[in-house]
């Protein structure tokens, strides 16, 4: 039922949102924020009068004070916030009274003028008590007495307290009580009332000041005591009195009686019952109704009685009403030539007078408009035309106040637009409600039609409802409702469609639930939890033990459809719950785990769990107890350790068995303590070393009689959710704990440390109660007592809760800035007083402009502002923060950070590359962080192997942003590093790389030579000649050395050169000595070496490498071959043969 009611409220809220004009379209102003009608300010703080409005174009603002134009520019103490109408009045050093008065804000643009309420600004006051003489009162024992307080009139009125010289509150009771006006009443005095320090204190809440009246001395004599007597009224006087109260306000009626013994006070309403919202305070002497209605009018009778008689007084209550809305006018959006109606329906007593205004001007003074007709509370606009947009004001007033509402008429011609995002996907669970949005705008107002799957036209019917705002509601969604839905918005200027999608999902259900498990210690327990769910939804399985998270233990293994507990220990006993959650729904199931000892076996006897007990009998029945006996089953060679007695409550929890008690295994009987109002059945389980037996058969039913509750609700808490309320919540009693029918809760509360009576309200079938009209964030003592048809439960202990928070009242003072360096500052401030926080202090919030805000948690007076920009101006203010939000900002503190190193230059570009030059251009840093003193440029070449060359450095003046670098190498990569600098040093580099241009002339010449025909022919001829020479040499070597030169050699043998013998490893007749004769003029040593005289030639010059190389036929010729003579034929043989590669390299 609650779920349906909640959904209905959501639907109503969803469907009753006012039509909003998109902000990109022209529209008259709308007031969005304004200060309350009655604004009492603290003279120690700035006055802030709020006025915010929206419109297109954005409105301009002006103010009136006491009915005349308030020229803000002429008063240096008054400023208006940018893009806002909010006034900030700096009253420091000024007389605050000068700014008291009635203010009204006006918001104006091209399409109309909206006005705020009249805001009455008054200064809070806490005047001193007028001087008076010490007052000494002497009275006789038993007489009644009144000590007058008569505090000075403050704004707002003060809170009165009676205390002694030690600031201890005087005890109040039914005999001694404090009246609403602050006077202290004694119904009769006792000797103990004698004292010299009856002091009345007045606390003024806005200024947080306390004023003290001169002490009053009271002396009670007993020489002529006043005897016992019937009651009489000390206030009000006479048999009757009258009281007028306004609807919606609080009604407080007070009767204080004297007499001996002390009278009791009772209240009645003649001819009717007291309101259900009535509460009694001050020991029943005050009747209070928080929110008065017309039904609370009538005659209220207060009766005072004691053992000597009674007296009564009648208070005639009349209820009047300041104007209040029945139906306030709402904005109209009309197309040209359309007709619209503005309705202003109010009520009040006396009947309010209705006045109409247009753009802030009374209608009778406004220009005549033939399309406008006024009929008392209604304005009819016929055939409106473009350009006739305006803002209308309805003011309803009587002697007790007024209400004012703005409503604009916006004349637009606008084709439809759909505001709901396209292709939105809605997902619901089968059998639940579905709401598909089609928020639209147009003028005339578009007509909305819906189609399913682009074909089926949807009409209002049993399963579908199309609401006035275009929302499509499906009461009970089914899978067949899934699909694509199209809403079409149409007016005479066009048509617009939008597509949304509905997916109706299967519900998540646990098919196989975990079952009760009895597991031996050290064994394994497995709980299954198999789920059926919609395939498109991913369920999340969460296991809980006794409603808390599983222990952090590797023995607990969570599978996809199970929980396994390995090596079970005694501590694992408990209730395990499987929770299956999807993004749309959830399901859960629970089972218990019981751990027993290990199975033991003997060599001779087999043991097993016991048989279940039998023959359950109940004897000795009493109101709260019964004796249960049974016959134990077979133990199967393992002694019974204990019996567990369980019960089922057929009235409150049928089908659920709960452990009640256990007894030793040697006792087949148990004395059971019972609770009232329970329909019991019992069963017994036996436990031995193997495990539990099966449960016995249930006993016959035993019903206990109802009684008053034995326990109070648990988890009683009090916390305000908004200013002026206190939400008292608790955990309700279970049906088992109720002890009887008619369970209700007596909710009691009173303000802590304030001597006042408990307020009481009785509620049923709820777990919370909201107290309205509380002061802001004050402690309350709270009690919640269980009551049923058979009496009240035990009186609970009081718990302390706090009423709702409100935004902090004051801003921190004396803000100071201490600079640490160019990027860090410390901010110091004077903390606000704790009462002005009006809530739980969260901390202080500094707000430097263009910086992300920080929060300094706790009650502190300083904090650090990191990440500041060097060489910058900052405006910093501080706000106090409570759980409700932020308080007003402190006065702004301006400071400048010192210079720092600059950021990197904004860019570095290389342009116009030449053969030996590059041009560099750069821009100044985005963050100069000071006054630039210049730039530093470093550059170095980078070769083809990425090795860096030497660095060159240049400096430039701050106004130079380009340079041409010359004398660079062509076709070379250069790397550049540029940094800016201030007096604090150089900032980070920005780097760039670029090549100088290539020498295109040389490159083209190389290409031309390599492609010439004569060059290719020359290379081929040289290669062919080398090949022929190699072939000839190879043939001669194969003939064995009988060359003509050999014969010549034999004829002209040099005596110094002898053929080498075979025994010393030489070759005699095959040596080619002629080819290796020394040149003329040289001498050959006996060791066969050649001295280097005039010639620098060596054997290397004639061979293809160093000493010891092999010839082409494999002979080792390096040691004995002499130097060849160079003739014209062999002149080129000592040089390296030319090749195409060498030829190419020679041109490089």
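Backbone N, Cα and C define each Cβ position, glycine as well.
Record features (TrEMBL):
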type	residues	note
COMPBIAS	694-704	compositional bias 'Polar residues'
COMPBIAS	1044-1064	compositional bias 'Basic and acidic residues'
COMPBIAS	1122-1132	compositional bias 'Basic and acidic residues'
COMPBIAS	1134-1148	compositional bias 'Polar residues'
DOMAIN	29-116	domain 'Ig-like'
DOMAIN	127-217	domain 'Ig-like'
DOMAIN	231-318	domain 'Ig-like'
DOMAIN	323-410	domain 'Ig-like'
DOMAIN	416-503	domain 'Ig-like'
DOMAIN	507-594	domain 'Ig-like'
DOMAIN	612-707	domain 'Fibronectin type-III'
DOMAIN	712-806	domain 'Fibronectin type-III'
DOMAIN	811-900	domain 'Fibronectin type-III'
DOMAIN	904-1000	domain 'Fibronectin type-III'
REGION	694-720	region 'Disordered'
REGION	1044-1148	region 'Disordered'
SIGNAL	1-18	signal peptide
TRANSMEM	1014-1035	transmembrane segment
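Using DSSP to sort the residues of the domain 'Fibronectin type-III' (811-900) gives these counts of helix, strand and coil: 4 helix, 45 strand, 41 coil. Remote same-chain residues near the region 'Disordered' (694-720) are listed as 611-614, 616-618, 621, 623-624, 626, 628, 630, 646, 648, 650, 657, 674-685, 726-733, 737-741, 743, 745, 749, 774, 777, 780, 782-796, 799-805 (criterion: CB distance under 8 Å, separation of at least six residues from the stretch ends).
Two recorded stretches are said to be in contact when at least 3 C-beta pairs lie under 8 angstroms, sequence spacing 6 or more; the domain 'Ig-like' (416-503) and the domain 'Ig-like' (323-410) meet this definition. Ranked by the number of CB pairs under 8 Å to the domain 'Fibronectin type-III' (811-900), the listed stretches 29-116, 231-318, 323-410 are led by 29-116. Assigned with DSSP, the residues of the domain 'Ig-like' (416-503) fall into helix, strand and coil as follows: 3 helix, 50 strand, 35 coil.
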